[in-house]
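Features of the protein shown, as given by Swiss-Prot:
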type	residues	note
BINDING	Tyr133, Asn199, Lys207, Lys242	2-oxoglutarate binding site
BINDING	His189, Glu191, His277	Fe cation binding site
BINDING	Cys235, His241, Cys307, Cys309	Zn(2+) binding site
COMPBIAS	431-443	compositional bias 'Basic residues'
DOMAIN	15-57	domain 'JmjN'
REGION	426-474	region 'Disordered'
Amino acid sequence: MKSVHSSPQNTSHTIMTFYPTMEEFADFNTYVAYMESQGAHRAGLAKVIPPKEWKARQMYDDIEDILIATPLQQVTSGQGGVFTQYHKKKKAMRVGQYRHLANSKKYQTPPHQNFADLEQRYWKSHPGNPPIYGADISGSLFEESTKQWNLGHLGTILDLLEQECGVVIEGVNTPYLYFGMWKTTFAWHTEDMDLYSINYLHFGEPKTWYVVPPEHGQRLECLARELFPGNSRGCEGFLRHKVALISPTVLKKNGIPFNRMTQEAGEFMVTFPYGYHAGFNHGFNCAEAINFATPRWIDYGKVASQCSCGEARVTFSMDAFVRILQPESYELWKHRQDLTVVDYMEPRVAESQEPSNWREDIALRRAALGLRHLRNHITSCPTRTVAPRLCYNPKGGGTDAVPGSAIQALETSAWVLPPSTGRWGPCRGCGRGRGRGRGRGRRPRELGTEETTVQSAAKRRLSVGTGSRAPGRKPQLQFADEALTDKPAPLSGGLPHFAKASGCCCAPDLQPLGPPLDPDEPMHPGPCLLSLDSTASSLPLVVPMTPPSVTVPLITLSRDTGGDWKSPVNLAKVVAMDHSYASRVPVPTKFSRISWAPDSSAGAKARQRYATEFGDIFLQCMINPLDPWPLNMVSNVK
């Protein structure tokens, strides 16, 4: 490997810049491994400048009519370099309209001398005029003819998420497009499940990045808890909400190591596991991003923190990754005896599994189980259900001319993987194209059966419609003439209804749960859930007594003009029941007094005495100690 980069082996958390040749650019996984061998991962961020002869797309003059369904106005509050950010949904608009808005006097980039001057203006402008971000648009602008570093076909081990579990999460294992303007911001965060990410700036003004080295990530978390105590109390992993902005000045004053780098059009930025990053756009631009994984990530994924309030929880089972790529520790991990320690300093690859042969080992196990072989995903991607606004195809049709790839003979493999623990076994992947969809998974198949495409958990549950396509057909982006752009952006449709989800790799103790809510749609209880063994019971051993002098407040919701109940303002307090075995227990609106017939027995007199002294709530708890609604009154006991 003779690739040129801008600094020697990284020992000081410097953000490295790499200049691969066209030959080196051909193998994405190999080049990422080379970058880590040079210490690029220690900074948490690296830049890759592709060869001059490489192009992601020949031209971008045919994307003006792509629809941005949900533009987000970024409103900030705070002072002294510490701000919180929230989003207001705006009316849908075309990319051409968004470009015109971004270049208008109200939103255009202010005059500046250089990047450093613009950076100072950025932090001084908060709160200021809130910009509008065209973020999280499911789709890709890479042409099918682009084989190297095509974000829709990276071919990393993250493909196992769909191949083994049948799970597609938009923005995680499918690309997202981002149309930005001056001051649009991505707040401090790590990637979902602490994955890698790659960001390509297709065209437009630069993007400035800040990053904290992974080995100092916990220091940033401690500082954030001090600066945002309210958010921290509400959620242990509140940084995953992407609402916290902390300026470089504040980081310096608190001794948090960080680096900055400016990305320009035609350049890639790679973030590494547990690398906290943030940044802003200098003006109108278009970027594309997706997550990916390497064997080194698996240990990070095992211990990745999660949003505890459920607002930004994106998680999936690590079973397939550990079982296939770390078979020597699978049994220990399955019984929660695998004491994983993440080494932020040195890249680690399991000795028994090299990155280059994981696809062959999957094929070997499938062949041993008597299933049809899986088409190699380096040259062919699975068929998925997609939304109408997905991957761009200006001509509106046509089949993908993706060459096939024969699976290599595996008789010389040194070991055979254990069979899948999933209820329906491993999925058969087939089909071509670049299907993208917010939470729409390629349907898993059993041998010899044909099923409809399933919808799996969405990354943020903001999809407004579903569609499907025949195998070999390109999905379509939604254009302005296909929707009414003068209407407000649609809100979430509410709780998703899961159809059949065979092929899921949930823990075995979750697989038989049921029955389904809809008898006409038999379904598994949801994709890739953790085992019930890991769920700690929160029921107290003794139910506290509530004396009659304590007033128990009940939650009352107001009605609208139509007489319907209004939703609570804080939607985070509403428990979203995503799975068929969950049911909502209604809170009673009043307490019924228990009547006791006259009885001369000592037991009856004792019951009457307790009823008078401690009230009906205590009696209800005695009758049924596990009844859930009296437990809601515990906080009122003083």
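Including glycine, each Cβ sits where the backbone N, Cα and C put it.
The structure, with features from Swiss-Prot marked on it.
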{"residue": "Tyr133", "record": "2-oxoglutarate binding site", "contacts (Cβ under 8 Å, 6+ apart)": "Pro71, Leu72, Gln73, Gln74, His87, Tyr178, Phe179, Gly180, Met181, Thr184, Thr185"}
{"residue": "His189", "record": "Fe cation binding site", "contacts (Cβ under 8 Å, 6+ apart)": "Leu239, Arg240, Lys242, Tyr276, His277, Ala278"}
{"residue": "Glu191", "record": "Fe cation binding site", "contacts (Cβ under 8 Å, 6+ apart)": "Ser197, Thr271, Pro273, Asn291"}
{"residue": "Asn199", "record": "2-oxoglutarate binding site", "contacts (Cβ under 8 Å, 6+ apart)": "Lys207, Gln263, Phe268, Met269, Val270, Thr271, Ala287, Glu288, Ala289"}
{"residue": "Cys235", "record": "Zn(2+) binding site", "contacts (Cβ under 8 Å, 6+ apart)": "His241, Cys307, Ser308, Cys309, Glu311"}
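In sequence order, Ala135, Tyr178, Gly180, Thr184, Thr185, Phe186, Gly279, Phe280, Asn281, Ala287, Ala289 are the same-chain residues whose CB sits within 8 A of the CB centroid of Tyr133, Asn199, Lys207, Lys242, the residues recorded for 2-oxoglutarate being left out. Other than the site residues His189, Glu191, His277, same-chain residues with C-beta atoms no more than 8 angstroms from the centre of those residues' C-beta atoms, the Fe cation site, are Phe186, Trp188, Thr190, Ser197, Thr271, Gly275, Tyr276, Ala278. In this view, Lys207 (2-oxoglutarate binding site) is surrounded by 25 other Cβ atoms within 10 Å of its Cβ, with every protein chain counted.
Ranking the binding-site residues Lys242, His277 by the number of CB atoms within 10 A of their own CB puts His277 at the top.
Its own atom aside, the Cβ of Cys309 (Zn(2+) binding site) has 17 Cβ atoms within 10 angstroms in the protein chains shown. Averaged over the domain 'JmjN' (15-57), the predicted model has a pLDDT of 97. In the domain 'JmjN' (15-57), helix, strand and coil residues by DSSP number 16 helix, 8 strand, 19 coil.
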